[in-house]
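Copied over from Swiss-Prot:
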COMPBIAS  625-637  compositional bias 'Basic and acidic residues'
COMPBIAS  723-732  compositional bias 'Basic and acidic residues'
DOMAIN    136-204  domain 'SAM'
CARBOHYD  Asn135  N-linked glycosylation site
MOD_RES   Ser28  phosphoserine
MOD_RES   Ser523  phosphoserine
MOD_RES   Ser609  phosphoserine
MOD_RES   Ser621  phosphoserine
MOD_RES   Ser640  phosphoserine
MOD_RES   Ser650  phosphoserine
MOD_RES   Ser661  phosphoserine
MOD_RES   Ser665  phosphoserine
MOD_RES   Ser680  phosphoserine
MOD_RES   Ser697  phosphoserine
TOPO_DOM  15-218  topological domain 'Extracellular'
TOPO_DOM  236-746  topological domain 'Cytoplasmic'
TRANSMEM  219-235  transmembrane segment
Amino acid sequence: MLLFGLLVAGVADGCDLVPRHLRGRRASGSAGAAASPSAAAAGERQALLTDPCMSLSPPCFTEEDRFSLEALQTIHKQMDDDKDGGIEVDESDEFIREDMKYKDATNKHSHLHREDKHITVEDLWKQWKTSEVHNWTLEDTLQWLIEFVELPQYEKNFRDNNVKGTTLPRIAVHETSFMISQLKISDRSHRQKLQLKALDVVLFGPLTRPPHNWMKDFILTISIVIGVGGCWFAYTQNKTSKEHVAKMMKDLESLQTAEQSLMDLQERLEKAQEENRTVAVEKQNLERKMMDEINYAKEEACRLRELREGAECELSRRQYAEQELEQVRMALKKAEKEFELRSSWSVPDALQKWLQLTHEVEVQYYNIKRQNAEMQLAIAKDEAEKIKKKRSTVFGTLHVAHSSSLDEVDHKILEAKKALSELTTCLRERLFRWQQIEKICGFQIAHNSGLPSLTSSLYSDHSWVVMPRVSIPPYPIAGGVDDLDEDTPPIVPQFPGTVAKPAGSLARSSSLCRSRRSIVPSSPQSQRAQLPAHAPLAAHPRHPHHPQHPQHSLPSPDPDILSVSSCPALYRNEEEEEAIYFTAEKQWEVPDTASECDSLNSSSGRKPSPPSSLEMYQTLSSRKISRDELSLEDSSRGESPVTADVSRGSPECVGLTETKSMIFSPASRVYNGILEKSCSMHQLSSGIPVPHPRHTSCSSAGNDSKPVQEASNVSRVSSIPHDLCHNGEKSKKPSKIKSLFKKKSK
């Protein structure tokens with residue numbers, strides 16, 4: 001087509017068909033040569049000048065070029081708003097943005113104008129003739145229709161009408177007759193879309209696709225994979241964190257339930273203490289009222305006695321005597337009832353204070369446990385609140401999911417829950433135990449004057465350094481006495497002891513319930529001191545020439561109070577020191593009876609202690625007790641040695657001697673950095689109570705001497721020869737403390 005146009009242009013030049021600016025020159029030059037042209041040639045030249053196709057460069061000769069020129073003229077009119085024959089930059093920009101609906105028209109605008117700021121129809125025609133779209137074939141047009149316009153359903157219509165690149169200007173101006181009748185595009189939206197696409201390629205050239213960038217595709221694929229993986233990981237971590245948080249909330253709820261139960265128990269404890277105080281006040285009122293009635297009965301009896309003495313008539317005296325007797329009987333019945341109430345639990349008055357002191361010390365330990373449990377609870381709540389605050393943000397959720405804080409908080413919550421459950425169990429057990437003790441004893445323990453008052457009243461007679469239990473916990477020492485030989489100071493203090501109760505007080509006591517602290521093994525010297533006058537002194541051949549040193553036994557009332565004694569130590573020779581052995585019979589590990597520290601260290605895996613002599617005596621029946629009394633009475637009348645009394649005693653008495661013959665191993669403890677050793681040192685107490693039947697009637701006055709005899713018999717049974725205590729121990733090796741005591745005596 002281009003070659004054909006050039007040939008036509010050359011023929012036109014040969015036929016004097018030249019442009020207007022050359023045509024004027026040629027006409028002026030040929031005016032003198034040809035003065036009279038023919039009329040036919042002049043008419044033909046005038047027709048060429050009036051035809052617009054011939055006035056353009058390159059000219060148009062075909063019908064398609066004429067249709068294209070008309071379409072371009074229509075487009076030029078649409079773009080030329082001011083009708084000045086040229087398209088300015090503003091007009092083209094407005095047309096591109098409003099009519100063609102392009103938002104970013106920079107590239108299109110520069111491609112249309114290039115260097116020309118004023119575009120005429122001739123410029124538009126030249127641009128179209130030199131465009132690549134003008135030379136499109138049918139296949140190129142169909143490819144443009146399918147790929148860019150995306151209307152493949154009209155491919156057959158384009159092929160039937162042989163739509164090529166030269167036909168696109170007609171489509172660009174939306175020629176209705178051509179698009180509907182020939183191309184058969186009835187859909188208005190399709191016609192509008194096809195018009196815009198055709199106008200785009202006519203004005204701006206063919207659309208070009210950028211080269212396919214495989215690197216971008218690879219990066220995009222990797223990004224998609226990473227994004228999907230990250231979303232899946234975040235989903236799983238969020239799900240896991242939600243499960244952890246749900247579990248943690250469940251633990252918190254259980255923790256709150258335990259805390260509420262603890263508060264309820266504390267309220268019950270306060271109510272019980274208030275009831276105990278009320279009961280104590282009522283009891284005091286009843287006792288006061290009873291004493292008033294008894295005093296009134298006594299006064300009435302005295303008045304009747306005076307009336308009987310002052311009466312002259314024997315009958316009146318008898319009546320007065322009967323009335324007095326009746327009053328005395330009533331007073332006696334009341335006194336017997338009161339005596340039964342008071343004698344049902346015949347314990348020393350100091351026991352109530354000691355039990356109150358024990359209760360207060362236990363309450364202090366409970367308060368420490370409670371403070372620790374509350375501290376653990378507060379820490380767990382703070383950690384849970386921190387995790388809740390962190391989960392409010394996206395990065396906080398990821399941080400919580402990746403870190404181990406959830407496991408740590410879960411562990412802390414479980415520890416706090418465990419501590420609260422242990423505290424609740426301890427509180428219930430303590431309440432029940434002290435209620436049972438108060439019920440059995442019959443006096444108040446939980447309601448007392450306080451720990452300072454009890455301590456000052458109980459330890460006022462001794463020069464002891466009182467240290468509270470709560471401030472410094474005990475530190476148990478692993479190992480036995482042999483491990484402490486190198487750390488033991490060369491001087492072992494001997495504590496002053498309390499004198500055992502006389503036999504009369506033992507006889508009047510009707511209860512066998514005594515504190516374990518009062519049962520302290522007595523020394524052989526104290527046994528010999530309590531022997532009767534007829535007892536042979538040859539029972540101790542190993543100490544013939546040494547004076548009898550009185551030994552004192554001191555029951556430690558408090559295992560955590562360090563006692564400092566000013567009593568001088570006892571001096572023994574080498575023969576006496578050889579008799580000191582620290583052994584234990586069979587598998588029993590007997591703790592020190594003067595210390596209660598074993599109860600604090602019971603979790604270290606110690607074996608249970610053997611039964612004491614008091615527990616042995618409590619298991620006796622009433623018939624065995626009566627048989628023991630008879631045997632002890634018979635032995636007290638005879639002149640046989642002490643060994644005969646032991647042989648004639650009951651098997652329970654033999655068990656008692658075997659129990660008393662055991663040598664207790666010392667229990668070593670470290671308290672506040674100071675080593676405190678409490679050694680038994682053969683300090684066996686002779687004040688073991690012997691059970692005897694309690695007499696409820698006061699009429700039998702002839703039995704007053706019997707308890708005295710029984711007490712003396714008990715002292716005789718307890719004073720067993722020293723050799724019998726060591727028959728089973730001569731083959732055992734002494735410990736290292738023996739050598740230490742030898743060095744001290746030297």
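Backbone N, Cα and C define each Cβ position, glycine as well.
Counting every protein chain shown, 14 other Cβ atoms lie within 10 Å of the Cβ of Asn135 (N-linked glycosylation site). Mapped onto DSSP classes, the domain 'SAM' (136-204) shows 53 helix, 0 strand, 16 coil.
Mean pLDDT of the predicted structure over the topological domain 'Cytoplasmic' (236-746): 59.
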